[in-house]
Amino acid sequence: MTGIVGYGAHIPSYRIKVEEIAKVWGDDPKSISKGLVVNQKSVPGPDEDTITISVEAARRALQRAEIDPQDIGAIYVGSESHPYAVKPTATIVADAIRASPNLTAADLEFACKAGTAGIQAAVGLVKSGMIKYGLAIGADTSQGAPGDALEYTASAGGAAYIIGEDNTIADIEHTCSFTTDTPDFYRREGQAYPSHGGRFTGQPAYFKHVLGAANRMLEETGTTAKDYDYAVFHQPNGKFYIRVARKLGFTEDQYKQGLLTPNIGNTYSGATPLGLASILDIAKPGDKIFAVSYGSGAGSDAFKITVNDRIEEVRNNAKTLEEIQSKITYVDYATYAKFKGKIKMN
């Protein structure tokens, strides 16, 4: 069965606390942390971007997959913060991991679900027999305007998945999607920061689509929340994540391992892939995982995944998320603003 052959993740080591941002804008940090269920977020260093995050994650995925990168037939990088408007991130990743030029590669965009869209595309190509392995990455160095609510959550990170049919560590048993034209969040070409619909981003956007894809998955597979060991969802903040998990009948024991936002913020295209990676870091053979992404604009992709025996053989070939986050450095707002290019000089 087609599934995950290897996975890898990367999160920058810099962090900024909610209190530090709130101090600059005169906001109440306790109210913000409680409302968003976010305490701090990751910050990309001056030498980090979507490309470097993608490369690190891809290399770790290869370490676990134990395959020749020359056998990868497709590379997709999903992000809304590609460094170049015209120059693919995917080709740079391909060169960095020493993949063959005999492949198809593309940068994907669908707000925060571009990474899972890449996984679906790779699954389709592998199942069709067109390629042996596909590499799908979801990564971002997300943006939030100074003083905007997004500034408390917009962060950086990503995860990579190698999809194939042989020696899988987890089978992707089913996938489905739910998509509509919903203008909840957008950024035009040339704009530094996105615009969003405030409360409109909740019920008619995030919840409608995540629940739409999730309920479709449960119906098509004939399963309920009780049939899964773990669940992970897109996490623009901790509040939405917990609410949608509970609406679907999942317990804290099922959803807490995939909830990373309180300590790293919203990694956008990396959010659901990173949450899934966190689950794979501890999952046992036979465990069943329910995963649903979300991207503004708007749509959700859902996956039913079952973990295989091989995961215990290769899990320690690369750093786990716990190890990646073991060494962090806190920065003040001035350093954060400098790293993120928020200070513009004429």
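First residue shown is number 1, and so on along the chain.
Placement of Cβ uses the backbone N, Cα and C atoms for every residue, glycine included.
Secondary structure from DSSP puts Cys112 ((3S)-3-hydroxy-3-methylglutaryl-CoA binding site) in a beta strand. Under the heading (3S)-3-hydroxy-3-methylglutaryl-CoA binding site, Swiss-Prot lists Asp28, Cys112, Thr153, Thr201, His234, Arg243, Asn266, Ser296, citing sequence analysis as support.
In this structure, Glu80 (active site, proton donor/acceptor) belongs to neither helix nor strand by DSSP; it is coil. Taking all protein chains in view, 22 other C-beta atoms sit within 10 angstroms of the C-beta of Glu80 (active site, proton donor/acceptor). The annotation active site, proton donor/acceptor is assigned in Swiss-Prot to Glu80 (among others) on the grounds of sequence analysis.
Here Swiss-Prot flags Cys112 as active site, acyl-thioester intermediate, drawing on sequence analysis. Within 10 Å of the C-beta of Cys112 ((3S)-3-hydroxy-3-methylglutaryl-CoA binding site) there are 32 other C-beta atoms, taking all protein chains into account.
Proximity of Lys239 (CoA binding site) to non-local residues of its own chain (separation of 6 or more, Cβ distance below 8 Å) is seen for Gly35, Leu36, Val37, given in sequence order. Annotation comment: Swiss-Prot describes Arg199, Lys239 as CoA binding site.
As annotated by Swiss-Prot, active site, proton donor/acceptor applies to His234 (among others), with the evidence given as sequence analysis. Taken residue by residue with DSSP, His234 ((3S)-3-hydroxy-3-methylglutaryl-CoA binding site) is part of neither helix nor strand, so it is coil.
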Those binding-site residues listed as Thr153, Thr201, Asn266, Ser296, and which of them has the most Cβ atoms within 10 Å of its own Cβ: Asn266
Binding-site residues compared (His234, Arg243) - the one with the fewest other Cβ atoms within 10 Å: Arg243
Rounded to the nearest Å - Cα separation of His234 ((3S)-3-hydroxy-3-methylglutaryl-CoA binding site) and Glu80 (active site, proton donor/acceptor): 15
CB contacts for Asp28 ((3S)-3-hydroxy-3-methylglutaryl-CoA binding site) [other CB atoms within 10 A, all chains]: 10
Glu80 (active site, proton donor/acceptor) and Thr153 ((3S)-3-hydroxy-3-methylglutaryl-CoA binding site), distance between Cα atoms, whole Å: 15
C-alpha spacing of Glu80 (active site, proton donor/acceptor) relative to Arg243 ((3S)-3-hydroxy-3-methylglutaryl-CoA binding site), in angstrom: 25
Annotated (3S)-3-hydroxy-3-methylglutaryl-CoA contacts Asp28, Cys112, Thr153, Thr201, His234, Arg243, Asn266, Ser296, maximal Cα-Cα distance (Å, integer): 28
